[in-house]
Each structure stands twice: as C-alpha cells, then as structure tokens.
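Structure, as structure tokens:
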Amino acid sequence: MEEGDFFNCCFSEISSGMTMNKKKMKKSNNQKRFSEEQIKSLELIFESETRLEPRKKVQVARELGLQPRQVAIWFQNKRARWKTKQLEKEYNTLRANYNNLASQFEIMKKEKQSLVSELQRLNEEMQRPKEEKHHECCGDQGLALSSSTESHNGKSEPEGRLDQGSVLCNDGDYNNNIKTEYFGFEEETDHELMNIVEKADDSCLTSSENWGGFNSDSLLDQSSSNYPNWWEFWS
C-alpha cells in the first residue's frame, strides 16, 4: 500500500468519526430541549412546589415524556434563577427604602440646623433685655445713691436751721396766744399804738402840772378794771 492511500484512509475514518459524534450531540441536544407545553407544565408545578421528591420527579418525567434527571436539572436551574430574581427584587426594594431614608435624613438635618440657629437667635434676644435691665438698675441705683448723698450733705444744715427757727417761732406764737387768752384782748395794730404813744407824749410835754396830779392808784385801778386777774397768769 502506498503512502498516499494510507493517509487517505486515516482521514476518511477520522472524518466519519467526527460526523458520528456530531450526530450524537444533536440527538442529545434534541433530547435536552423542552417543548412549550413541557415548560408550561413544569412552571405550574414549580409554583406549587420548588423542590420535588424522587417519586414526584419520576411521575412528572413519565407524564411529560422526559427523563427524571432532566426534570431534576430543570428544577435546579429554575430555583437558581428564581433566587436571583428574588434577590434582585429585595435589593431594589431595599435600595428604594434606603434612598427614601437618606433624603428624609438630609431634610431633617437641614431642619435641625435651622432650629439650632433659631434657638441661638432666641437665646441672644432673651439675654439682651436682661443685660439692659441690669445696666439700667445699676445706673438708677448709682444715681439714687449719689443724689441721696448730695441731698444729705447739702441740705442737712439748712434744714436744721429752719427747724430751729420754726421751733422758736412756734414758741413765740404759743406765748402770744397764751397772753391774749389770759388778758382777754388782742394786740392792736401798729397805727393805733403809734397814735396812743403820740397823744401820751403831747400831754406829758404840754402840762407840767399834770405830773404832780398823777395818781398811780387810779392807773392801777383802771388797768385792773380793764384787765382783770392779770396777776393770776404770772402766779
């Protein structure tokens, strides 16, 4: 046998083997594929039961014309996809809740800052009147003390003098009132007294004879008749 014929025979055998393997793979792939009816029935079973017992797997495989291994693999893949979908849903819900809470936190943080600033402003406004009142009270007390000291130092002596003068005047008035009450007459006016004095001087200067005839008893009698009981006052 020639060398070229040998290589041709080997190549033909290899190619035939490859074609046989391809056919087997196609058959296996056809066996693995599921029809739409099989998939729908498997989906309905999965909604009620996510895991099947061995007896249940055999029963489902017979009903659908599949092998029990195919049913087990399909349920296994379906559970994995279902878990990933559930995790995605939970993650999306948690992410939405987190974003909502984060936005609320930012809003509350801003409100807190505004409230803190407002509280500081109110505290400052409350402290200002207290300080002003304190200064006003201190100023009023200082003025009152200074005015009281000045009035005490400047007006004590004149007031004392005035009080002494008023006491003396009151004593004089009291004595005059006593005299008028006991003697029974009031003081005459200055004009009347001057007239009496002038008449007395004229009478004394013109008539010297009257000096000799001056009777002291008559004067005493007249004064006693006009002003009775005047000695009782001095007794």
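Our numbering is plain: 1 for the first residue shown, then up by one each step along the chain.
Glycine residues also receive a Cβ, built from the backbone N, Cα and C atoms like all the rest.
According to Swiss-Prot:
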DNA_BIND  27-86  DNA-binding region
REGION    87-122  region 'Leucine-zipper'
COMPBIAS  128-138  compositional bias 'Basic and acidic residues'
REGION    128-167  region 'Disordered'
COMPBIAS  152-162  compositional bias 'Basic and acidic residues'
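Secondary structure by DSSP for the region 'Leucine-zipper' (87-122): 36 helix, 0 strand, 0 coil. Sorting each residue of the DNA-binding region (27-86) by its DSSP state yields 49 helix, 0 strand, 11 coil.
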